[in-house]
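Annotated features in TrEMBL:
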ACT_SITE  His9  active site, tele-phosphohistidine intermediate
ACT_SITE  Glu87  active site, proton donor/acceptor
BINDING   8-15, 21-22, Arg60, 87-90, Lys98, 114-115, 180-181  substrate binding site
SITE      His179  site 'Transition state stabilizer'
Amino acid sequence: MPTLVLIRHGQSTWNLENRFTGWWDVDMTAKGEAEAKAAGELMAAKGLDFDQTFVSLQTRAIKTLNIALEAMGRLWLPVEKDWRLNERHYGGLTGLDKAETAAKHGDAQVHIWRRSFDVPPPVLEDGSEFDLSKDRRYDGIAIPQTESLKDTIARVLPYWDARIAPALKDGQRVLISAHGNSLRALVKHLSNIPDDEITSLEIPTGQPIVYELDADLNATDRYYLSER
């Protein structure tokens with residue numbers, strides 16, 4: 001029976017400051033690093049082991065994976081990094097404090113940008129300090145200027161189909177370290193969650209989510225490891 005574990009990165013500096021982060025590459029806080037270590041220790045204590053790992057190209061997710069694997073004594077496991085597991089791109093909201101944004105645009109508008117399924121935030125302005133067009137890790141990639149959750153799903157699921165699902169069908173035990181919205185995309189797919197419900201699903205930082213899957217990768221169970 002294939003086993004899949006999802007983990008959202010530990011708390012980042014902009015999580016702490018309540019800023020829209022998206023594709024911008026911020027580091028983790030000391031609390032975030034502790035969350036990642038605790039996640040690794042919990043997975044080891046519960047007898048989980050892995051054959052293949054997947055992670056985004058963003059530091060907070062990569063560090064979370066490395067810290068968790070080190071706690072498990074599994075730093076040697078193969079890791080595949082891909083931009084399609086990146087967080088949703090928040091466009092022109094990137095770097096803004098969420099409370100200040102609500103004060104400027106109104107709670108209702110910010111709620112639509114954050115929690116609607118298919119309404120993206122405003123695009124990133126030309127010349128923005130958060131422009132990633134010269135970031136070498138994204139060479140050859142058409143970097144989005146903004147994304148809705150629907151847009152995020154549209155890039156995550158082809159990667160799932162091409163790389164992650166085949167590994168699971170091959171019997172590999174898989175760990176994915178990613179972000180709130182890229183993981184929402186996977187949870188929506190695996191658990192058949194409707195469009196109007198997935199946007200309200202909260203995925204806490206540093207908490208391993210276990211999926212038990214049948215041979216066709218249909219979910220037979222989903223739970224937080226800390227609750228079993």
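Here the Cβ of each residue, glycine as well, is placed from N, Cα and C on the backbone.
What TrEMBL says about a protein is an automatic prediction, not a curated fact.
Here the structure is a predicted model, which means the values were calculated and not measured.
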Original post:
Taking Cα atoms as reference points, which of the recorded positions His9, Glu87, His179 is nearest to Gly22 (substrate binding site)?
Top reply: Glu87
**OP:** Within 10 Å of the residue listed as 'active site, proton donor/acceptor' by C-alpha distance: pick out those among the recorded positions Gln11, His179, Gly180, and say none if nothing qualifies.
**Re:** His179, Gly180
Original post:
When you measure from the Cβ of Arg8 (substrate binding site), which residues in the chain that are at least 6 apart have a Cβ under 8 Å away?
Top reply: Thr64, Ala178, His179, Gly180, Leu183, Ile203, Pro204, Thr205, Gly206, Gln207
Subject >> Fewest other Cβ within 10 angstroms of its own Cβ, chosen from the binding-site residues Gly22, Gly180 >> reply: Gly180
**OP:** Measuring CB to CB from Gln11 (substrate binding site), give everything in the same chain under 8 Å that is also at least six residues away in sequence.
**Re:** Met28, Thr29, Lys31, Gly32, Glu35, Thr205, Gly206
Original post:
Far apart in sequence but close in space: which same-chain residues, 6 or more away, have a Cβ under 8 Å from Trp14 (substrate binding site)?
Top reply: Phe20, Thr21, Trp24, Val26, Gly95
Original post:
Taking DSSP three-state, what's Glu87 (active site, proton donor/acceptor) in: helix, strand or coil?
Top reply: coil
Original post:
Relative to the Cβ position of Lys98 (substrate binding site), how many further Cβ atoms are located within 10 Å?
Top reply: 15
Original post:
His9, His179: which of these recorded positions has the highest Cβ count within 10 Å of its own Cβ?
Top reply: His9
Original post:
Between Arg88 (substrate binding site) and His9 (active site, tele-phosphohistidine intermediate), how far is it from one CA atom to the other, in Å?
Top reply: 14
Original post:
Looking only at Glu87, Arg88, the recorded positions on record, which one has the least crowded Cβ, with the fewest other Cβ atoms within 10 Å?
Top reply: Glu87
**OP:** Using DSSP reduced to three states, classify Gly22 (substrate binding site) as helix, strand or coil.
**Re:** coil
